[in-house]
Every structure is written in C-alpha cells, then in structure tokens.
Amino acid sequence: MSEDRKDVAAPEQDVAYDKQQAAADVKEFADASPTTDVAGPVRKREDLHPAWHWITWSFAVSMGLFHLWTAYSGTLPTLRQGGIHLAFGLGLVFLMYLPRRRKEAGRLNLKMRGAIPPLDSLYNKLGYQRANGIFVTAIGMGVIAYLGSAAGASTIILVPSIVVLILLQITRFVNVSLGGMPLADVLLAAGGVWAAMWVVNNASDFNRYVGGNFPVEGVLAATIGTILVLVAAQRAVGTALTVIALSMFCFMLYGREMPGFLQNAGFGPETIVTGSFLSTSGIFGTPIQVSSTFIFLFMIFAALLQRTGMERFFTNLALGLAGRQIGATGKVSIITSAFSGTITGSSVANTVSNGAFTIPMMRRSGYSREFAGGVEAASSTGGQIAPPVMGAAAFIMLEIIGGGIVYFDILKAALIPAILFFTAQFIIVHFQSKRFGIMGLPADALPRLWPLLVRRGYLLIPLIAIILILSSGRTPMFAAFWAIIVTIGLNLLVQAMYLAFKGIQGWKEMPDKLTPMAFLNALYDATKMALPIVAACAAAGIISGAINVTALGLNIGREFIGLGETISSGFESAMPGFLAQHIDFNSVTLLTVMIFTMVACLIMGIGLPTTANYVVMAVVAAPAIVPLVTLRYDDMGLEVFQLAIIAHLFVYYFGVMADITPPVCLAAYAAAGISGGNPIMTGVQAVRVAISAFLVPFIFVFAPELLLMGDDWVRVGVVVITAIIGVTILGIAMAGWYYAKLSAVQRVLLFIAGMFLLTANYLITLIGIGLTIAVLFRQACVRYPSIGRLVGVKNSQESSESAKESAGA
C-alpha cells in the first residue's frame, strides 16, 4: 500500500465514511437549490442597490421576453435581431459585472517611482490605484493619438476611443456613483445601448452606403460599439479574448507589413470599425446571430428546467442509480455534472455549482483532493459534448457548416463519442474505488428509484420532447420554443392536479411551482447565464471576421497541409521500400494536420471560452482537415456536410478539453479551489479521467462509423461495440486495478490493447482482444489461485514462497 500512497489519486486518510455524515451529505445534495451563476473567473456585483437591482432585473426579464416574442412571431432581420440582443447584453454587462482591479504596486513599478521623484510624489499623494489610473490614461491617450493619427484615423474615431479609456479608468479608481452604481459604468452601458440601437434603427439604410461611406454618426456608433464589445468581453469572459481581438485589429491595420503568409492588403481604421460593427461579417456575424436566436432560447429552457425541479430530480435519480455502487460519490458526480454541463454549457460554472456539493462528498468518502477535483472537472467539461443540448458552440457549428444540415445530424454524430467519454470515466472511477476500498452510500439514506420515477418522472417529458422535435428535422429554435411551452404546460398541469387532489394547502406546499413570478425569475436567470455567451460571441465575431477578410484561415490551412505533406514525405523517404508500400501516407498527412490542430485548439483554450475557441478554430483549422477527409472518404458515399461534421467535431472536442488541460485548466483550477488540492495535479487527474476524449476524436476521423456515418450498419455496429470495449480497457489501464493491482507491464499492455480496439481495423482489433484476454486471465489467476494452479500459473504470493524454498535449498 505504501506505493499506492504516492499516487495523488490515493486516499489521504483511512477510508471510513461515517454513516450519519453520509446521510447528511446525501440530504444536503438532494435538496440543494441549483445555481445559475455561470460567470466563472470574473467579478459580479453582488450588493446592488434595490433600485439598480430592480432596473437590471427588469432589463434582463425584458431581454427574455423579447426572445420569446421573436421565437413565436418570427425573428427580425439579422441586424435588428442581433442589434437588440447586443443592446441588452452590453447594457447589462456594464451594470452587473465589475471591472478588473489592478494589483498593488510591483517591484518594477516601485523602482520607476524611485527613479522619478515627481512620479513618486504623485503616487504617495493620490495613492497607488488613482495615480496608476492617471498614469495609464495618459500613456493610453498618447498611444491612441500617435498610432491612430499615423494610421490615418479621423477625429471621429480617436475622440471616442480616448473618452472610453478615461471612463474605464474612472470606474476603477474614482468613486463617483449614481445611487450606488458607478457613474462611469452607467455611461458605458448607455453608450453600448445607443451604439447597438443605432444599428437597429438604421439597418434598412445600410445598402445605400455603397463602399462603406457611412455618415459620421454611423462611424461614431461603430467606434463606440466596437470598443465597448471588447471591454464587455474582458469583464464577462476574460482578458485573453479581448487581447486576441485587439491583435486582429493590428493584424488588419498593418497587414502590408506582415511577413510571409500573414501578409494581407491592410485596412484603414474607419474601414475596420465599420466593417466590424456595421455589417454581418463582424460583431453581427454568425456567432451573435446564433446567440440571438438558438442559444438564448436554450438558456431559457435550462432556467425553466432548474426552476421546475429537473436538476434536483436528476440529482436524486443519480443517487438512486449509483448510490449503492462501488465508488458511489464519484459516479453520482459524473451523472449530475454531465446533465448540468449539457444544460448550462459552461464547464467552469458547472464545476463550481455542482462541485460545491459533490467534491466534499467525494473527499469524505475517501478520494484524494486531486482525484475528486479531477472527476468533477472532467465530467462538468464533458457535459458540453453530450447530447441533447451540448454547448453554445454546437449551435454555431450548425450555422458555420450550413449546406442543408439539421441540428439532429450533429447530435447523432456526437452520441457515441459522448457514450465512450462517460463510459471511460465510470470505469476509471469504479476500479479506482475498488483499488482503495471506497464503497457505496448507506442504502437507507438514498432515494428509492421507482417511487422517484413514478412521482417525478414526468420531468423527463420536456427532454424527450426536444429530442423528438429535433429528430423530425425542425430547427433548434423551433425545438427550444416548444420545449419551453411543454415545460410550462406540464408544470401548470401538475399544479392543477395538486389543486384537484390536495386542495389549496397541498398546492401551496407543492415544490417547484412555476408561478408568474417564478417564470419571470427564470427569464432573469436565463439572461444571467447568457451574458458571458453574448459577450464572447460578439468578440469572437470580430476575430472570425478579421480571419475571413484577410484570408488568414485559408493561409494557415495551407501551411498546416504543407507541413503535413513535408513530414509525410520525410517518413516515406526514410522508410525501406518494402515497409513504405504498406503505409498510406495520405493518412500520415491527415494525422499530422490533426496533431497541429489539436495543439492549436489547446493553446487557444488557455484564455478563450469554448465558444470563442471553436469559432476561431472553425475558420482557421477545420478548413485544413476537410479536404484531407474528403480525399480519404471519396468512395464511402458520405455527404459533404458529414465530412464537415467530422472536421468540426474534432476541433470542437479539443476546444472543450482545453478547460481541463494543464497548465491553464480553468475547470480544474475551479475544482481545486473547492477541494483544496494542487490545481496542476487536479488538471492531470482530470486529463487521466477524461483520457478517452483525447483519443476518440482521432479515431472518429479515421473511422466515421463512430459518428454513425456510413451505409454498412453491420460494420457501424461492430466498430461501436469494439470502441466501447476499448475505452473500458483503457479505463482499467488508467485505474491500475482489476482483480488486483496491475503491474506497469500489464497497464501498458492493456493501454495498447484498448488503443487497438479503437482502431476499427479487424486484424488489429483481434490482436487487442488477445492482449486483453492474456492480461485479464493473469489477473483472474491472482484472484482465483485454483485457476492459476490448473493452468500452471502462479500468483505473486506463491512465486515468492517458491523463491524462498529455492533459496533455502
């Protein structure tokens, strides 16, 4: 056991979960109210003055009502629908999210102050924060004026930029408020609303402005709106997205000076801001169009499910299904986090909200800090790849691919990979728990499964409805709207039954009633969930628009393919002829491009949320994979949109997995904050638990049968079954336990066997099966010595005794 104790997944104390404590944990978890705070690592205003709380609540509810109205009566033209959506979003972000605070003076800052006595005196007199604000404002004004003038920016662009910069510094360091709300934030919110509404009011006239010759008022709105989108993204999402968007502005501005394939025609400041804000190829591009239609309705659906008790039902369902099993707390965490993750679409927020209950339960049942955090982070992240809802990026994928695709095609393709992901997680948790003796929860503390299904099973009807509607080929917007109607109608029907059978008093005691106020609060919750997505989609539109207009995506795609072909040619020339003739070097090129894409997705995921990461990589990396996949499956009869789904799902998977991949693994950091573990090691454990998610995308590119594609359904069935067995074997290898502890050699052999079973090649699969049988039979001989003696295989204890006898002789 001493060797096991060195494992960060090993328990840090003797495994003894007090029965009374377990019962208390189960009750607290089962009765917990869901949270809709999905802000992640940003700062929200928690102590709003009642007047401002009412104002923000009213705006948020109005935003929800607007989207319900357009879903029912028909969406407005693109710029008007997106403009109203963005006006609500910008106004609420500045009123509900706090600006980032600067850190206290660093060593370099102190040295600069010491070297310049007047500067030091200013800092001492005004204090660090205010003096630093003045210092930053002065430098920023100089940089804007100098670079802007050099690039040919007009006063109509320079002046608003400087004014916004001053307001941003004022809101950080000067305490001037309007009823408790910083006046500068009120002005920023008003500016964002005005800029977006200018687009709404003038969208019908845009065709008159040939060549982009917008009036002064339009350029002013574009400048203010573009800058405030970047600031809103920084507040609601994080600094990295804003930095990347700003770098794309510089890329367009100085395109002529760029080296090599990065060189482009270059654009003037006015062209950049008007193209970004006054067209459908920038901020009002595909991401915000999807956010203003599909995504927001699914946020309302998610909020209504939470208000009507669906999340609590799934928690109790998970406890009823897995509560008695080995490693119960880990398995319950996987089930509940997977469900919450697919509804909210935010791995970090789901880790925080669900992990607040599941991680302490796992810790008390015996899991280590890092393993408990890793399981929660991995399962919360995996929710974004699990049908039927998946994350916001999946809806954007639908629009980017286009070509007659329906959302059900994406859900169908994502089904088997999601099953493989959670199967591997279950297996790892199961055998890890067996290894360390972590058993189930007390049976008398758990909800009874069948009574639960009889009493609350009706809550599954909205999910069934949305799956049936999507499978009929309807749009996600249609499906979400009618799922909302079904959810409301179902709750009203149950309320009527309570009144009929239990009277007024029974109705008053009914849990999760959807009263008019509860419905309006659900709209408020939905808006809070949507704000980071609105900000991310708007900023991502800037990035994708810049990539498209400069042809950067095509150029990077060509570079990826060129590098892949070079590496493939190098392998071909280095190999002996008899070996080279048996290798498909087009597949080597494809594999190389996929590795480059994976690395790029994981690097972009360091600072970008999944939605923005996918949008960027969909226009940069996916186009490099599509032609190679088309070449490989030219004779398989796949549709064009199916080939595109293969490439885009690959990009999407690694965009999602960036949240748990060290060194910057946001979901793992959030889990470590709850468990008290090491964040990097928590990320390592999350990757270990989610190992299949890093392997399966490579497999489904080479075997699209895993995406339920192809006409040979017998082969599809064989590939799917062997893949499930393969991830099960991989899970056993990662856990290091079957009947007994696996040796290092056995773990390596099982890992290889699992990989072989995933290849969809019959011969290699048979070799994998043979390796699996050999290792597991050896384990059976350890568990059942009589079998070992029958076939002449000794277990470790018998071997050591024989060695002692030989030494004594």
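Yeah, the Cβs are placed from backbone N, Cα and C, and that goes for glycine too.
Curation does not apply to TrEMBL; its annotations are automatic.
Under the heading domain 'TRAP C4-dicarboxylate transport system permease DctM subunit', TrEMBL lists 225-709.
Look at TrEMBL and you will find 51-72 (among others) tagged as transmembrane segment. If you look at the transmembrane segment (51-72), the same-chain residues 6 or more away from its ends with a CB under 8 A from one of its CBs are 81, 84-85, 88-89, 91-92, 95-96, 179-181, 292-293, 296-297, 300, 477, 480-481, 484, 520, 522-524, 526-528, 530.
Per TrEMBL, the feature transmembrane segment maps to 78-98 (among others). Within its own chain, the transmembrane segment (78-98) has Cβ neighbours under 8 Å at 39, 42-45, 48, 52, 55-56, 59-60, 62-63, 66-67, 70, 181, 185-186, 188-190, 192-193, 195-197, 199-200, 203, 206, 225, 228-229, 231-232, 235-236, 280, 283-284, 288-289, 291-293, 296, 527-528, 530-531, 534-535, 538, counting only residues six or more beyond its boundaries.
The transmembrane segment annotation in TrEMBL covers 131-147 (among others).
Feature annotation from TrEMBL assigns transmembrane segment to 153-171 (among others).
Feature annotation from TrEMBL assigns transmembrane segment to 212-231 (among others).
With a cut-off of 8 Å between Cβ atoms, the residues of this chain six or more beyond the transmembrane segment (236-254) that come close are 39-42, 93, 97, 100, 151, 230, 262, 264, 266-269, 272, 531-532, 534-536, 539-540, 542-543, 546-547, 549-550, 552, 606-609, 612, 616. What TrEMBL records for 236-254 (among others) is transmembrane segment.
Tertiary neighbourhood of the transmembrane segment (283-305): same-chain residues 36, 63-64, 67-68, 70-71, 75, 78-79, 81-86, 199, 225-226, 229, 276-277, 311, 343-344, 389, 392, 395-396, 398-400, 459, 462, 466, 475-477, 480-481, 483-484, 487-488, 514, 519, 522-523, 525-527, 529-530, 533-534, 536-538, 540-542, 544-545, 611, 615, selected by CB-CB distance under 8 Å and a gap of 6+ residues from either end. What TrEMBL records for 283-305 (among others) is transmembrane segment.
Here the transmembrane segment (389-408) has long-range neighbours at 286-287, 289-291, 294-295, 298, 301-302, 342-343, 345-346, 383, 414, 466, 470-471, 473-476, 479, 533, 537, 610-611, 613-615, 618-619, 640-641, 644-645, 648-649, 652, 655-656, meaning same-chain residues at least 6 beyond its ends whose C-beta is under 8 angstroms from one of its own. What TrEMBL records for 389-408 (among others) is transmembrane segment.
Among the features that TrEMBL reports, transmembrane segment is placed at 479-501 (among others).
Annotated transmembrane segment per TrEMBL: 614-631 (among others), in sequence order. Here the transmembrane segment (614-631) has long-range neighbours at 244, 286-287, 393, 396-397, 400, 537, 540-541, 543-544, 547-548, 552-554, 556-558, 560-561, 564, 586, 589-590, 593-594, 596-597, 600-601, 604, 608, 640, 643-644, 646-648, 650-652, 655, 701, meaning same-chain residues at least 6 beyond its ends whose C-beta is under 8 angstroms from one of its own.
The feature transmembrane segment is assigned by TrEMBL to 716-739 (among others).
TrEMBL lists 751-777 (among others) with the feature transmembrane segment.
Here the transmembrane segment (212-231) has Cβ contacts under 8 Å with residues 86, 90, 94, 154, 156-157, 160-161, 164, 168, 188, 191-192, 194-196, 198-199, 202, 242, 245-246, 270-271, 273-278, 283, 535, 538-539, 542 of the same chain, all six or more residues outside its ends. Under 8 Å from some Cβ of the transmembrane segment (716-739) lie the Cβ atoms of residues 416, 419-420, 423-428, 430-432, 434-435, 688-689, 691-692, 695-696, 699, 703, 705-706, 708-710, 747-748, 750-751, 753-758, 760, 765, 768, 772, 776, 779-780, 782-783, all in the same chain and six or more residues away from its ends. Each residue in the domain 'TRAP C4-dicarboxylate transport system permease DctM subunit' (225-709) has a pLDDT score, and their mean in this model is 86.
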